[in-house]
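As written in TrEMBL, here are the features:
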type: DOMAIN; residues: 37-100; note: domain 'HTH iclR-type'
type: DOMAIN; residues: 101-287; note: domain 'IclR-ED'
């Protein structure tokens, strides 16, 4: 077991049960305060789901299922988002996609764009030196969003995470790295949310594999996935913190199991550490 094991991460060693989830209130507060924010909250959640598949897009029925809302409600919300330019509907297949207003709003964060360009240069150089796919993942509440996907191997990447893709934290080594860096209370909140969504979408099929990845990551003190979710594909990830010490995201190295065997875990941690340090130093310069 690695010397980086953290004693305070026992909460990751077992996923919460469904019975414990049923007693958790979704939105605390009085009915009046909840009703005042529920519409906005649902709209933001819908927008997040739409943005998670920027290329393929979504059918109305699939969006309704993903958001656990009826189709009529989702359709009304989509019409409002389309009117504001936050969502668009592709004419060829009627799928719903992120709208141009999202790009326009993103331009209000120039410092983040500068960091993105810097990170791309750093990770491209790192990818040239190592046979694998390199990802930059950003934390987004209980999810992560893929910001950069760099694969210079000339071979098809084993991961389906491309820029814009959004996934629950517990579904990858990169997400596990972020999870490990959170406070115990935040870890439990994320785990409850992710477990409910995992079981709603996949049932119990992947829970054992996810548990193995979380256990191994907790033991090593950073994200480690030795083919538990994608056989033959090994992934390693370290968290990246911003200028305030908060978890910004993670850097993930993914490769074939013969290139990055489990015995190389400590060596890969040593490879990732200076890259993470460079990114964190750059983040300190953000205003």
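Placed from the backbone N, Cα and C atoms, the Cβ positions cover glycine too.
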Helix, strand and coil counts within the domain 'HTH iclR-type' (37-100) (DSSP): 37 helix, 7 strand, 20 coil
Per-residue pLDDT averaged over the domain 'IclR-ED' (101-287), given as an integer: 92
